[in-house]
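The compositional bias 'Basic and acidic residues' annotation in TrEMBL covers 1-35. Among the features that TrEMBL reports, compositional bias 'Low complexity' is placed at 61-74. If you look up TrEMBL, you'll see 1-87 marked as region 'Disordered'. What TrEMBL lists as transmembrane segment is 94-115, 135-163, 175-198, 204-230, 251-272, 278-298.
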């Protein structure tokens with residue numbers, strides 16, 4: 001009888017200890033005891049399984065006191081590193097835009113050089129520059145670049161008349177760009193000086209070189225993605241208003257420029273000047289050369305992307321090998 005009472009007492013003590021562990025959230029085995037953070041995470045979830053507690057309420061329904069987050073320690077070096085990263089991220093778009101503007105200005109200068117070489121070939125100018133050249137022949141006191149500036153400003157007014165309220169103020173940047181364009185034309189014309197072809201075949205060679213240089217400048221301005229050239233902007237305005245195809249409108253615009261140059265030559269010069277067989281060749285082949293340059297640019301860009309991807313993979317492999325060696 002006494003032995004039974006002793007066994008009964010030991011069972012009661014064992015049950016009491018286990019109930020105390022359950023109330024305190026501890027497991028019977030010390031190795032199975034969850035960490036306080038895990039206990040808070042489990043009990044704080046609304047869908048956590050509840051266990052009976054001594055108060056008759058499930059442990060999951062008891063709202064534990066949220067643990068205060070540990071203060072983040074920041075060292076001056078880390079703060080300066082984060083500040084430097086933010087500054088670099090802010091400077092990156094500005095540097096990218098500066099590069100695009102520089103590319104556009106370089107393209108404008110290259111276009112001016114190409115136009116001057118075509119003028120020196122004396123086989124007729126491109127349609128977009130034929131009218132200013134004819135006016136420069138009729139009024140020698142005014143430079144070719146000055147007439148080109150006036151022509152570009154006239155094309156901006158044509159855009160305003162076509163688009164009206166749809167004309168964007170940002171497109172007024174075409175005017176200062178036209179000023180730079182006119183100055184470059186006069187600078188390169190003075191640089192070329194008296195250089196000119198002496199034979200008909202040499203004139204065609206000069207015309208071919210001028211078209212190649214002009215097309216390169218056009219590609220540079222297109223790739224920059226900034227402000228459109230005044231002539232292309234007029235074509236785009238007509239396309240927006242009429243819904244016609246860009247190529248069709250471009251051909252019509254070139255024919256209109258050539259016809260206006262012929263009219264100005266007959267009125268101000270007295271004979272046909274500035275519009276010859278070279279004008280037709282420039283109108284027909286400049287776009288073809290531009291397309292060839294654009295295709296070459298696309299291949300070079302794809303090759304650069306593949307090279308960067310290969311360089312990145314090689315750097316990852318080198319870093320992995322260093323980690324394995326260490």
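Positions of Cβ are set from backbone N, Cα and C atoms, glycine also.
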Cβ under 8 Å, sequence separation of at least 6 from the ends of the transmembrane segment (135-163): give me the contacting residues as numbers and ranges.
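Contacts of the transmembrane segment (135-163) (Cβ under 8 Å, skipping residues fewer than 6 from its ends): 119, 129, 171-172, 174-175, 178-179, 181-186, 189, 230-231, 233-234, 237-238, 240-241, 264-265, 267-269, 273-274.
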Sequence-remote contacts (6 or more beyond its ends) of the transmembrane segment (204-230), Cβ cut-off under 8 Å?
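Residues 100-101, 103-104, 106-121, 123, 126, 152, 155-156, 159, 170-171, 173-174, 177-178, 196-197, 236, 278, 281-282, 285-286, 289-290, 292-294, 297 contact the transmembrane segment (204-230) from elsewhere in the chain.
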Against which stretches of its own chain does the transmembrane segment (251-272) lie, if we need a Cβ under 8 Å and a gap of at least six residues from its ends?
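Sequence-distant neighbours of the transmembrane segment (251-272): 125, 127-128, 130-131, 133-135, 137-139, 231, 234-235, 238, 279, 283.
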